[in-house]
Each structure stands twice: as structure tokens, then as C-alpha cells.
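**Student:** According to Swiss-Prot, the N-linked glycosylation site annotation covers N131, on the basis of sequence analysis. What Swiss-Prot lists as transmembrane segment is 27-47, 56-76, 108-128, 134-151, 159-179, 192-212, 240-260, 262-282, 295-315, and the listing cites sequence analysis.
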Amino acid sequence: MVGSMENPGSWGLACLLISTSRFNRYMPYYTMMAAVWSTLIAGALKLQEDPASLSVEYILFKAGLCFVHCLLLCGAGNTWNDLIDRDIDARVERTKMRPLASGKVSTVEALVWMVGQYFLSVKMLDLILDNRSIWGLMLPLTASIMLYPYLKRPVFSRVFIYPQYILGLAVAYPSITGWASINGQEQSMSEIFTHCTPICLLIFFWCLYFNTAYSHQDSVDDRKMNINSAYVVAGQRIRLFLAFLGALPLAVIPYVVLKINSPWLWFSWMAVWTVSIVMQIVRFDSKKLESGGRIHWDNFLLGLWTTVACIVEVGLQKVEFWNLI
């Protein structure tokens, strides 16, 4: 369906386009977490070395720019996904009323909306990196976003390539942007990549875990249409598979926290994440498809908690709290 079923009016069209970007739902806000966490951790590390080197306001400003950049890029990516998958979405119960799948938004309208969001995200990245070359960061991320919907096709399952791989990469990659927003003038790109590797792996594994649980909601319709997704690896052992995936980010967290070695981060990351993920696996019921959506939501709350924890750590480093006790 590529044409509008009816003219919704300017306000109605705006609401539909916002829905196409998912800005009216919590999902896009996952994509800001890698960049924001990386910005805050990089800022906290710099304050640990020299509390006078940066202001808290500057670090939060950079984190805010990263948030807007990632949100806009995610909106463009979601619009692209719905453009490519509109015929598939029309046959899946959970997605059949999406604006493109239902014909309420035309292909041309969606394309214009997508390009506008992408352009604004590029301009925002230019601000974040203080007019440095941005395409070295932007092009790999753009390629992964464009590739993502095609990996749902069954041909990729034959070589064990699943869309969650690319989604995890796309969500994790902006951690490089976040680190560069603080250290871009002082560190080479190879140094930035090295510093960001632990947090990139953490976000990648985390995304693989919660998105596999989320996509399991559509398993009945997906099997009918032979849609490729990571949960097919597990078969009937989906709980065991999710437990394995949930253990992967927990294994990486120490390498992230050790950079600062803050007691607060050890508690707010390692302890809270461990309890949360264990509880999620215990509550998961493979016979109730909606329980995968509950895991997705629980991890969003976990991500918000981690963002707040990182902001608190920036404040603790600024006042040299750990030197006072």
C-alpha cells in the first residue's frame, strides 16, 4: 500500500509521521543510551583526572546534543524500516495499523520525512564534533540502518545472520560519538575506538538480548511468512537462549566500570543489572508472547536508571566525592 487512503489534514499527517518515527513510543529512546552513557562516562573520567577541566553543564550539554542526534537518526531509520517492510507489516497483527502499512501515509510523504530527519541528525553531529569530519562516523551507521530491514528475509537465516546483529551494532555504534564529543580534540579516532570497545560490546549484547525477547511476540505471524529473526535459533528453548543472551552484557559490565572503578557504578550497574535480568528471565513465559514485550520495557527502565546513575557519577567526580571518603 503506497497511497494514502484519505487526506488526514496537516495535523493528522504530522501525528502519523511522528508515529512512523515511533516518537510517540518509548522504543526510539533506547538509541540515545549508548551515546549518552559514553559521553557521561568520558566526562566523569576527565573530571576524575582534573575536576576543573570541565563543567558539569558542558558534559550534560554534549549529552543532550547526542540525545537529539540519535533520536533524529532513529526516526529516519524507523521510517526507512517501515518503507521497506510495509507489505510485510500489513500481514502482521501487531504492525498492520502502522501508517505506511495501512496506507495512511504515502511513500513520498515518508521519504521526505525520512530525509529531513536524516539531514537534521547530520547537522546535529556536526555540532557535537565541533565541525570535525563526521562522515567517518556517519556512513557506517547509515549503512547498518539501511541494511537492517533486509536481514529479516529468510535467505540470511541460512548463514545465521539475523537482523538483531545489525540492530545491536546500530544502537551501540553511537557510543563512539559520545566519547568523541568529550575527547575528540585530544584523542585520535583509533584511541576513541579502543576506549569505546567495552561499552559498544555491552550495548550490542544488551540489544541482542532484549530485541530477541521483543521479536518473539511476533513469532506466530513470523513463522507463517518465514521471517528471519534470532529467536528461531532457540526453538522451544527460548528461555534458556534468553538467559544466555542476558548473561553476555553482565559479563562485559566490569570492563566498562573498571575505567572509573567507582563503588557507585559497581552498584548501579553490576548489582542492579544482575538482579533485573535474573528477574526478567524468571518471569518470562514462552507461552505468553506478550512476556517478551515486558522484557523489552523492563530493559528500557533499566537503561533510564543507568543514565541517571551516570549523571550522578559525573556529579560525584566533580565534587571529588571519592577523595573525601
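Keep in mind that glycine also has a Cβ here, set from the backbone N, Cα and C atoms.
Computed from a predicted structure; not experimentally measured.
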**Student:** Taking a Cβ cut-off under 8 Å, which residues six or more beyond the ends of the transmembrane segment (27-47) line up next to it in the same chain?
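**Tutor:** Counting only partners 6 or more residues beyond its ends, the transmembrane segment (27-47) has Cβ contacts under 8 Å with 21, 53-54, 58-59, 62-63, 66-67, 69-71, 73-75, 78, 170-179, 181-183, 195-196, 199-200, 203, 207, 256, 259-260, 262, 296, 300, 303, 306-307, 310-311, 313-314, 316-318.
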**Student:** Short question: most Cβ pairs under 8 Å with the transmembrane segment (262-282), which of 56-76, 134-151, 159-179, 192-212, 295-315?
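**Tutor:** Ranking 56-76, 134-151, 159-179, 192-212, 295-315 by Cβ pairs under 8 Å to the transmembrane segment (262-282) puts 295-315 first.
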**Student:** Quick one: give me the count of other CB atoms within 10 A of the CB of N131 (N-linked glycosylation site).
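**Tutor:** For N131 (N-linked glycosylation site), the count of other Cβ atoms within 10 Å is 7.
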**Student:** Out of 56-76, 134-151, 159-179, which stretch has the largest tally of CB pairs under 8 angstroms to the transmembrane segment (295-315)?
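**Tutor:** Stretch with the highest Cβ contact count: 56-76.
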**Student:** Are the transmembrane segment (56-76) and the transmembrane segment (159-179) close enough that 3 or more Cβ pairs fall under 8 Å, when only pairs 6 or more apart in sequence count?
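**Tutor:** As far as Cβ distances go (cut-off 8 Å, pairs 6 or more apart), the transmembrane segment (159-179) and the transmembrane segment (56-76) touch.
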**Student:** So if I exclude everything within five residues of the ends of the transmembrane segment (56-76), which remaining residues of that chain have a CB under 8 angstroms from its CBs? That is, six or more out.
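**Tutor:** Here the qualifying positions are 21-23, 28-29, 31-32, 34-36, 39-40, 43-44, 47, 114-115, 117-118, 120-121, 124-125, 127-128, 141, 145, 174, 177-178, 181-182, 311, 314-315, 318.
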